[in-house]
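So the structure is just underneath, and the comments pick up after that.
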Amino acid sequence: MLKRKKIKPITLGDVTIIDDGKLRKAITAASLGNAMEWFDFGVYGFVAYALGKVFFPGADPSVQMIAALATFSVPFLIRPLGGLFFGMLGDKYGRQKILAITIVIMSISTFCIGLIPSYATIGIWAPILLLLCKMAQGFSVGGEYTGASIFVAEYSPDRKRGFMGSWLDFGSIAGFVLGAGVVVLISTIVGEENFLEWGWRIPFFIALPLGIIGLYLRHALEETPAFQQHVDKLEQGDREGLQDGPKVSFKEIATKHWRSLLSCIGLVIATNVTYYMLLTYMPSYLSHNLHYSEDHGVLIIIAIMIGMLFVQPVMGLLSDRFGRRPFVIMGSIALFALAIPAFILINSNVIGLIFAGLLMLAVILNCFTGVMASTLPAMFPTHIRYSALAAAFNISVLIAGLTPTLAAWLVESSQDLMMPAYYLMVIAVIGLITGISMKETANRPLKGATPAASDIQEAKEILGEHYDNIEQKIDDIDQEIAELQVKRSRLVQQHPRIDE
């Protein structure tokens with residue numbers, strides 16, 4: 001007979017009360033690192049035309065644009081390796097230490113892009129050095145977003161995880177706005193000729209002081225409550241093992257959590273393809289294909305992104321009330337239905353209609369980004385959360401990162417300006433399947449962690465809800481038993497009379 005593990009009833013002392021001050025510091029530090037990651041993406045996306053001329057001067061404009069965007073996409077090949085590396089270390093040594101390392105690598109590699117001489121100076125080594133810097137970024141970013149989202153999720157109260165997690169992608173959008181704004185400002189001040197000569201380097205130099213600030217904030221943070229609980233549960237022998245070797249079983253991840261892996265991959269693909277299409281490819285699309293000036297296209301995207309900043313936390317707040325799944329499903333349906341109308345407006349050559357088309361895509365994107373950072377960490381238990389999420393996330397981003405290059409190639413090869421819309425419709429189907437099949441995670445404790453609350457009163461309410469849920473399950477079981485008793489009685493009455 002199997003021995004069942006004795007289960008202790010949960011008490012008020014088992015509920016983790018989250019310190020507001022520590023929570024604010026965690027969100028600030030995590031969001032700043034994410035902002036710096038997307039600052040680079042924003043800068044790179046908006047100076048792609050300049051980089052094409054600096055590093056690929058012999059090609060025609062279309063090839064220059066595709067080559068520059070390809071350099072943006074290639075580092076995504078290295079991100080899964082970074083995700084696996086930092087994911088294992090994050091589950092082994094903790095989240096805080098890894099986030100300090102990733103921001104250092106990211107800021108230094110971004111800064112170094114600004115130091116690379118042009119093709120005219122060092123020839124083929126210029127694009128090679130650019131690619132190496134981008135690959136270093138890709139390696140560090142492989143552990144950045146997943147680590148930051150886990151850090152915020154493990155610090156957040158269960159009832160506010162959606163709202164708190166939404167600030168992570170608020171940082172992404174803010175970083176993008178800052179990067180794009182810096183490009184426009186410098187380009188306007190120094191003029192296009194000077195910008196191509198040396199002005200494009202300045203935005204990359206800004207990454208270093210941002211990285212120093214981020215490192216200071218992250219270094220001062222404490223480890224997350226959920227990971228600390230995991231360590232505290234280990235016996236001394238296991239504690240030593242945690243320091244000496246990884247406790248991550250990729251067999252367990254692949255066999256026991258494959259549904260969560262697929263849900264994670266689907267959600268990240270839907271979110272990031274839309275993200276890169278709108279925020280990285282659209283500036284090039286507007287300038288190269290629709291012949292708007294670079295500054296004009298950038299200003300439209302910046303205005304859209306500023307609007308997204310206000311919508312982002314609202315989506316997170318609403319997801320705490322209505323759940324994460326409705327937003328994924330609603331966003332996917334809207335993306336499928338509105339992709340073609342949005343691009344018809346974008347191709348109208350009327351500034352107001354262009355803005356309306358981009359705004360439609362932006363609101364749809366907010367449906368995904370508002371819930372992603374709170375949804376993904378809740379799919380996996382504490383002891384494998386970083387490794388599993390980093391692996392799934394970066395495999396997905398590997399696909400999504402090809403979006404700018406693939407979209408540019410599709411438009412150039414087909415001469416059909418609606419190709420990006422068709423691409424988004426395919427992605428919308430993936431998002432819809434994911435939203436329908438994924439489990440709801442809102443207002444529930446993270447797997448492998450005790451409930452988390454903002455204060456004692458909320459902790460008592462959580463215990464009350466837990467009690468009511470158990471009572472409801474008991475009632476359901478009693479009902480099932482009663483129905484089985486009725487079925488049993490009917491079967492007994494149907495016994496054939498073999499003694500007559």
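The first residue you see is number 1, and the count goes up from there.
Using N, Cα and C of the backbone, Cβ positions are placed for all residues, glycine too.
Topologically, per Swiss-Prot, TYR93 is found on the other side of the membrane from SER414.
With a cut-off of 8 Å on Cβ pairs spaced 6 or more residues apart, the transmembrane segment (170-190) and the transmembrane segment (38-58) reach 3 or more such pairs and are scored as touching. Taking residue pairs at least 6 apart in sequence, the transmembrane segment (195-215) and the transmembrane segment (351-371) share fewer than three C-beta contacts under 8 angstroms. Taken as a whole, the topological domain 'Cytoplasmic' (438-500) shows an average pLDDT of 80 in this prediction.
Within the topological domain 'Periplasmic' (412-416), the DSSP-based counts of helix, strand and coil residues read 3 helix, 0 strand, 2 coil. Ranking 38-58, 195-215, 298-318, 391-411, 417-437 by CB pairs under 8 A with the transmembrane segment (98-118) puts 195-215 at the top.
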